[in-house]
Amino acid sequence: MSDTQVIIHETHDQPLSFADLGIPTGPTISEGVIGKSRRLKDLEINELLYVVLSCLSILATIVLSIYKMTTISTSDSDFTFALILIVNAIFCTFYVVHGVLKERAYEIVIFMIAIFGILLYSIVNYSVQVDTRGPVKLSRLIIVCVMSPVLIGLSGWIGWGYNSSGNLIFRTIGANSELQSICKKLLMFLDCLKLDLQLGISMVIFILNSGFKINNEDIVILSVGGVITLIWFGVGYFSTRYEDKVGSWIFIIGAPVEPAYVIFKMNQSVQEAGKAQGDLVAATIAAGVLALVTRSVLMILLYLVYRNYGKGLKEKEFGITEPPTNPTNESTVNNQSNNQ
């Protein structure tokens, strides 16, 4: 008998697997809280090093920022910068851990963007606020300036590898190139949606603490708007996963609300630039521009995802199936037809 026949005989005529033919199948995919992902023990050394370095750097930034916040007034621009750094650091932790476990190249790219943003925040905050320089701000600046280029370089290398190989997508979706392409568009949308949420939270912090003219109406709008933003995020996240067209249209209708308010406050900040703290005004405008660009890209990606509804991705990627018909009702109808 040939080698293949021997293998078939030994496997009792069961379908051949890659393992039977001696072909490596890659790390095992586990189903957990974050969905289908790799196990920690399956990560390579370079990936573990990348995650550890990233988390340690982020932790150091958070600790120094919290310490700084406890020593200054809440009206000080340093307090706002420290709070922004903490928010972005928390998102960065998610991006790097989730991105590595699920081989999300786009999340790694967003992590690079966030790290670059933290670097700019730290440099601007230290260079502009000369009177408040101290060992804490200097230590934070040194850590950020030393580790940011390292993390950005590692992110580019690992992200490029994930995007080129597409191993996890292949093991989840299969060899169907069309479904793989659709899946990549959906993952890009979901990752961009997280960045949009991150920028939205940052804008709320900037507007409330930048010294702009804030009245009671603005406080109510920002408070209620924050809750609505989280709901809007959830609608976009789940409607695209479940390929729900009604939910997607609700998401589309709500999309212009936040950008309209951001544009209004940015215009107001330019008119009141002399009354507010200059470094925060510049940072707010920069964050606002990035938020508007991100929202525009997000809607383009939604269009690309929406037009691919119903092609089988949700069943393959998320295991979502349509509710089965009631077999009891069907059998009753058939029996009645036969009796007639």
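Just so it is clear, glycine is given a Cβ too, placed from its N, Cα and C backbone atoms.
Taken from TrEMBL as is:
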DOMAIN    35-154  domain 'DUF7789'
TRANSMEM  48-67  transmembrane segment
TRANSMEM  79-101  transmembrane segment
TRANSMEM  108-128  transmembrane segment
TRANSMEM  140-162  transmembrane segment
DOMAIN    174-303  domain 'DUF7789'
TRANSMEM  186-207  transmembrane segment
TRANSMEM  219-239  transmembrane segment
TRANSMEM  246-264  transmembrane segment
TRANSMEM  284-306  transmembrane segment
REGION    318-340  region 'Disordered'
COMPBIAS  321-340  compositional bias 'Low complexity'
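Under 8 Å from some Cβ of the transmembrane segment (284-306) lie the Cβ atoms of residues 182, 185-186, 188-189, 192-193, 195-196, 199-200, 202-203, 206-207, 210, 212, 236, 240, 245, 248, 251-252, 255, 258-259, 262-263, 265-266, 269-270, all in the same chain and six or more residues away from its ends. Per-residue confidence over the domain 'DUF7789' (35-154) averages 85 (mean pLDDT, predicted model).
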